[in-house]
């Protein structure tokens, strides 16, 4: 599924991923360390000054869909969550009381000085948009509700 996610990104962008097996052949400051050694699905956001970006894909949690892997890969490329856009409150309502306290940072609105929408419309179906019950204290309770526009 990881290969499918990488291929999908390469086929729709100008980005090219190359598998490198030996550390001595690594291009400086321009690589992703893909691992599954920790629990969960997470990534550094964008390129790091110390030479690589870490992408952790736990085999028990991160391969439910190709989109799940793509979401984390997009973070390594510097892409933020769609539901954190500065204009998101026009399109969705966040139900804060239903979100697990330790992950509320995943729902904060980002400042215009950090992100831009490039004039593109809000994308409810973006691979970078959380589901309606993401990080809910109870999977039957929504954390994100679309607004009627």
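Keep in mind that glycine also has a Cβ here, set from the backbone N, Cα and C atoms.
Those TrEMBL annotations? Automatic predictions, nothing curated.
The following features are taken from TrEMBL:
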DOMAIN    1-149  domain 'Peptidase M12A'
BINDING   71, 75, 81  Zn(2+) binding site
ACT_SITE  72  active site
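Using a 10 Å radius centred on the Cβ of residue 75 (Zn(2+) binding site) and all shown protein chains, the other Cβ atoms total 20.
Residues 71, 75, 81 make up the record's Zn(2+) site, and a Cβ search at 8 Å around their centroid adds 43, 72, 74, 79, 80, 127, 128 from the same chain. Per-residue confidence over the domain 'Peptidase M12A' (1-149) averages out at a pLDDT of 90. Over all protein chains present, the Cβ of residue 72 (active site) has 20 other Cβ atoms lying within 10 Å. Across the domain 'Peptidase M12A' (1-149), DSSP assigns 41 helix, 22 strand, 86 coil. The C-beta environment of residue 81 (Zn(2+) binding site), restricted to residues of the same chain at least 6 apart in sequence and closer than 8 Å, consists of 106, 128, 129, 130.
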